[in-house]
Structures are given as structure tokens and as C-alpha cells.
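Input: a single structure, listed below in C-alpha cells.
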Amino acid sequence: MSTLAESPVPSNESAAAPAEAVYDPTQKQKSQAKTARIPIKIVPAERLKKPEWIRVKAAAPGSRFYDIKRILREHNLHTVCEEASCPNIGECFGKGTATFMIMGDKCTRRCPFCDVGHGRPDPLDTNEPLNLARTIAAMKLSYVVITSVDRDDLRDGGAGHFVDCITHIRELSPSTRIEVLVPDFRGRLDRALTILNAGPPDVMNHNLETVPRLYKQARPGSDYMHSLKLLAEFKKLHPEVPTKSGLMLGLGETDEEILQVMRDMREHNVDMLTIGQYLQPSEHHLPVLRYVHPDTFAMFEREAYAMGFSHAAVGAMVRSSYHADEQAHAAGVN
């Protein structure tokens, strides 16, 4: 007997369907709420079993993990480690390192591989650059990575806010080296590059993420050639500053497509490379279509150095900012 027959609706009432949640662009949307509104629909797939080489390191007892979380909350700061659900957060926070995410925690884009929330961003916090600089000085960090959400609502894409952060950090911590992981500044690249001239970082990072064939699916709103142009144009203006980019594997790309992207990077004078395994944040994100074997990662690393990259961090758990200080030091940034 059906449940409906067991619990009939009285004849004088109608069965009302549950009200659909009203879309509120001012609220941060994550997971299904975020990916439901993109033009490319994600088809749920059976999750592949994680191989034995995919292992996440937990925070060690007595580490600085909770101290770092407390400091971030006290100073109202965000990290991409938390917002993007990075699998290395336990290790990095435990060592006292973090990648700071500026300009809020709501991205104007809805990339279905990323766990950062989407929504209408709040106005820029003009106190954030100094607040960030004071936090970094108090933590006595020798190397910092600053990234941001995409801010397509700003005329400069947020470039001026990056420069303000760099300027304040250098005023309070002159020996601290600064790496920035920037959005693509699409539609405002010339303006952004001009603004960045006022305070270039020590390392300029912008991730290509995947192969051009998969951009419509994985990076809606972005353009492969535009991202390469950003890196190349910055390098022309600042040949002394190392440029860096990263890729994730497991979205349906082929090995040859990855090798071609690496060649494209070198043709556009990208110096440093990171390659890691994509891990699906939830069932509502793009599925993992393959787990890349360590031997294949080793092949990409060999090819990277053969192509002329000054440094290549390649491995399943590698992320763009993972051990970024060690990557930069190996590439000659002191």
C-alpha cells in the first residue's frame, strides 16, 4: 500500500507542493545552490575509489592549526584554504601558513570545480589591506600568498586592492616575500596591469586550471588565451618577476593536452608550474574522471624541466599555494 493511500489528503484541502527557495544573490551560495544556475549541467556519476596514493595529512597534535583559525577569525580574514576546502589545510595551518583570500568570500563566477561560494559581493573593505598587513606582521611570516575571489563587479577587477595589500605588507614587513594568485581580470586587463605597475609582487601567479577543450565546462566566463595573455603581458612589464601557473588533472583531459598546455605556458614565458589531482568537493561539483598515477605525475615533472620551467611542483596533493615558499626559493626568490 502506498504512503499516499495510508495518509490521504482530506477532500477539502489540496496537496501543496513545497515552496521553492527564493534566489537571493546577496547570500553566499555553495555546492548545489551554486552549480544549479550554471548553463552546463553536472550529471551525477559514481565516485571513483580513491587510490592509496591520495592521502590527506591531518593537523598534528600541538600544531598551530587552531591558533591560526583563531587569528583569522579575530582579524575577520578569509583564506582560500578554508573557503575552497583545500585538502592540505591541516598540514599548512599546522605549520603556521595560510593563503589569504581578499575582497570577500563571494565570487562573481560559478566554476563547478571550485568550492568557493558564489553571490553578489559586498563592497570592498577599505580597512582590509592594513588589517591584513598587521596580521602578517604579528604572525612574523616570511612568505605570504594572497589570492581573491573574482570581482567582475569592479572596474579594475580588484587590482587596486591587491596593490594596497602589497604596499601595506611591505611597509610593515619589508623582508616578507609576496606571491599573488590573481583572477583573470577579463574585460579590464589593461587597466589592471597598469595598476599593478605601482606595486608588483615577488611572484605573479594565475592558474590556467585545465585544458582549453574543457574551459566551457570547467571555467564558464573565462578564456584560455586571455589567461595566457595576462601572464605574458605581465612578464613583458616585469621581466624580473617570476610568473607561475597551475593545472589540475582528472576532469577528462588527456596527457597530450596537458603537455600542450605546458608548451603554451613556456611560449608565454611562464617560469613556474604546479600540477595536482582534482578532488571533487561534493556530489554537486564536476566528477573526478581519473586518478592520475604517480608515474604519470613524474613524467610531467620531467617534461616540465625539459621545457625550461625554473621550478615544477607536480604530484597528486600539490596545489597552487602548497609549499609556495619552498617553490619560490627553489626558483630563486629569496
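Including glycine, each Cβ sits where the backbone N, Cα and C put it.
These come from TrEMBL:
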type     : residues                    : note
BINDING  : Cys81, Cys86, Cys92, Ser321 : [4Fe-4S] cluster 1 binding site
BINDING  : Cys107, Cys111, Cys114      : [4Fe-4S] cluster 2 binding site
COMPBIAS : 1-22                        : compositional bias 'Low complexity'
DOMAIN   : 92-310                      : domain 'Radical SAM core'
REGION   : 1-35                        : region 'Disordered'
Of the binding-site residues listed as Cys107, Cys111, Cys114, the one whose CA lies nearest the CA of Cys92 ([4Fe-4S] cluster 1 binding site): Cys114
Rounded Cα-Cα span from Cys86 ([4Fe-4S] cluster 1 binding site) to Cys111 ([4Fe-4S] cluster 2 binding site), Å: 16
Number of Cβ atoms other than its own within 10 Å, given for Cys86 ([4Fe-4S] cluster 1 binding site): 25
Between Ser321 ([4Fe-4S] cluster 1 binding site) and Cys107 ([4Fe-4S] cluster 2 binding site), the C-alpha gap once rounded to whole angstrom: 19
Where Cys92 ([4Fe-4S] cluster 1 binding site) sits in the secondary structure, as DSSP reduces it to three classes: helix
Cys111 ([4Fe-4S] cluster 2 binding site), number of other Cβ atoms within 10 Å: 23
Distance from Cys86 ([4Fe-4S] cluster 1 binding site) back to Cys107 ([4Fe-4S] cluster 2 binding site), taken between C-alpha atoms, in Å: 17
Surrounding CB atoms that lie within 10 Å of the CB of Ser321 ([4Fe-4S] cluster 1 binding site), all protein chains: 27
